Every structure is written in C-alpha cells, then in structure tokens.
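Annotation source Swiss-Prot lists disulfide bond at C5-C21, C9-C23, C14-C28.
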Amino acid sequence: GLLPCAESCVYIPCLTTVIGCSCKSKVCYKN
C-alpha cells in the first residue's frame, strides 16, 4: 500500500527517497 512519509514535495523533492519514499500528488509516500 501507500504509506504517507510525513513529507510534502510541492516545492522540493522528497528527501525520504533514501528510505523508499516517492512523490505522489504533492505528498511523499512509501510504496
């Protein structure tokens, strides 16, 4: 499922990509 990573990506990319999160609909989610 998609779990919110408590990070938005409206202005900057997701820093949480290092733990497997990605940007979707202006919010970072973990797949």
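The backbone N, Cα and C atoms fix where each Cβ goes, glycine too.
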Once the DSSP letters are reduced so that anything not helix or strand counts as coil, what is C9 (disulfide bond)?
coil
In the three-state scheme derived from DSSP, which category covers C14 (disulfide bond)?
coil
Using a 10 Å radius around its CB, how many other CB atoms surround C23 (disulfide bond)?
18
